[in-house]
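Peer 1: Dropping a structure here in structure tokens format, bear with me for questions.
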Amino acid sequence: GLSLFIGLGWLLWLTFAPVADHSAQFMGVTLDQINWLSIIYMVVAIPLSFGTTWMLDTLGLRITLVLGSWLNMLGAVLRFVGIMRSLPSAANFPVVMGGQTLCALAQPLVIFTPTKLAALWFPEHQRATANMIASMSNPLGILIASIFSPMIVGTTNNIPLLLFIYAVPAAIICLLATVGIRDSAPPTPPSASAESSNSEPFQEGIKLLLRNKAYMILLLCFGSGIAVFTCFSTLLEQIMCVRGYTNDFAGLCGGLFIVFGIVGAGFLGLYVDKTKKFTEVTKVNMSLSALACIAFSVVSQMRNQGIAVAVACSLFGFFGFSIYPVAMELSVECSYPVGEATSAGLIFISGQIQSVIYILLLQGLTKPMAYSPFSTCSVGGDAALSWRVPVLVMAGLFSVFTCCFVIFFHTKYRRLDAEAQAGGKKTTLTTCDSTSNSDQK
């Protein structure tokens with residue numbers, strides 16, 4: 001159920017990105033304004049995330065998830081209402097933006113939950129896999145949006161149908177969450193760390209994180225990785241249409257990006273659960289992701305290179321998306337005993353801040369093309385934009401932060417060490433009790 005909930009949030013976030021040109025033409029706005037339907041998620045998440053981490057670590061999973069489900073449902077319905085022809089045309093985009101903002105308010109309420117869920121409901125040998133399954137709902141939502149948005153929006157007249165279809169699961173999931181989520185934690189903690197979860201008060205936890213060198217490096221470098229993936233998902237259709245690739249092909253590439261990311265995450269989750277090599281796996285995969293990002297930045301600017309573009313997107317997803325659940329577990333390991341929602345939440349906030357900066361920077365680096373005979377972008381009278389420089393800058397930023405992470409990040413696994421010590425103490429106590437009983441006899 002949580003997986004469906006998380007996937008829905010990302011589906012609503014990227015509803016318009018795969019059909020940005022059609023959406024702009026239908027609502028009579030620019031592509032930059034359509035991009036703000038995605039950027040608003042980052043803008044809202046930055047201040048709200050601090051409250052969300054407090055809610056998860058203080059009020060628990062149930063209240064947080066039910067509130068998020070209602071916000072998603074109300075936002076999805078308002079988006080559909082916003083494009084009705086009974087409204088003045090000038091009101092369409094503002095009302096849609098209002099609905100998108102409500103959905104954006106819901107995202108932080110669910111995005112931090114996989115790490116918290118894994119910590120409270122699963123033993124240490126299953127946490128990475130549980131986190132992986134829940135976290136990969138994020139790309140599943142993006143996958144659905146990437147494939148089905150272009151399929152539904154064959155023409156601009158199908159934008160209302162698109163928003164109606166996406167509002168239906170939001171209403172269903174809201175009902176299921178309200179009725180079906182009964183408890184925030186199991187009656188019996190599955191691990192020693194689950195018993196002491198949230199042992200640090202929220203404000204003290206923030207102070208501990210800011211003084212933790214390894215965590216701050218992860219916060220900055222992996223936050224940059226999140227920003228790059230956000231840019232890729234948001235801008236993919238706009239980057240490719242100007243080189244003659246269709247919306248359907250861009251949706252296919254987005255789908256390959258997600259599918260291979262889910263496959264990679266599956267392997268990594270099982271591997272890390274067995275080996276506990278969080279740091280090594282994150283460093284290797286970030287490095288390979290940077291190489292795939294460089295490859296995409298080159299081949300996406302070439303015409304008639306569909307196979308090469310598809311392969312680059314697949315590799316980017318396989319190595320890149322699969323890091324997310326492992327890095328979230330790593331953030332908890334290097335910051336324990338700070339609450340799981342707080343340690344994972346600050347990394348998400350870092351990613352959102354950098355996402356806003358990156359998207360605005362990349363948009364600012366685009367240049368109108370005087371001559372674009374191969375463009376398939378439906379942007380009305382606007383000139384097609386060249387993305388050659390922006391995609392190279394995106395790859396360069398990702399490479400720099402990856403190098404910094406590989407060189408400077410080192411940490412102990414504090415949660416695993418604490419659980420090992422707790423297990424040793426229990427063994428000692430059991431032995432002492434047995435000896436005492438034997439002496440009494």
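Cβ atoms are placed via backbone N, Cα and C, with glycine included.
Just so you know, TrEMBL annotations never went through curation; they're auto-generated.
Below are the features I grabbed from TrEMBL:
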type: DOMAIN; residues: 1-414; note: domain 'Major facilitator superfamily (MFS) profile'
type: SIGNAL; residues: 1-22; note: signal peptide
type: TRANSMEM; residues: 33-56; note: transmembrane segment
type: TRANSMEM; residues: 63-81; note: transmembrane segment
type: TRANSMEM; residues: 93-112; note: transmembrane segment
type: TRANSMEM; residues: 133-153; note: transmembrane segment
type: TRANSMEM; residues: 159-181; note: transmembrane segment
type: TRANSMEM; residues: 215-237; note: transmembrane segment
type: TRANSMEM; residues: 249-272; note: transmembrane segment
type: TRANSMEM; residues: 284-301; note: transmembrane segment
type: TRANSMEM; residues: 307-332; note: transmembrane segment
type: TRANSMEM; residues: 385-409; note: transmembrane segment
Peer 1: The transmembrane segment (215-237) vs the transmembrane segment (249-272): three or more C-beta pairs under 8 Å (separation of 6 or more)?
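Peer 2: Since 3 or more Cβ pairs under 8 Å link them, the transmembrane segment (215-237) and the transmembrane segment (249-272) do come into contact.
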Peer 1: Suppose I define contact as three or more CB-CB distances under 8 A, residues 6 or more apart in sequence; do the transmembrane segment (385-409) and the transmembrane segment (284-301) meet it?
Peer 2: yes
Peer 1: Going through 33-56, 63-81, 249-272, 284-301 one by one, which has the most CB pairs that fall under 8 Å from the transmembrane segment (307-332)?
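Peer 2: Stretch with maximum Cβ contacts: 249-272.
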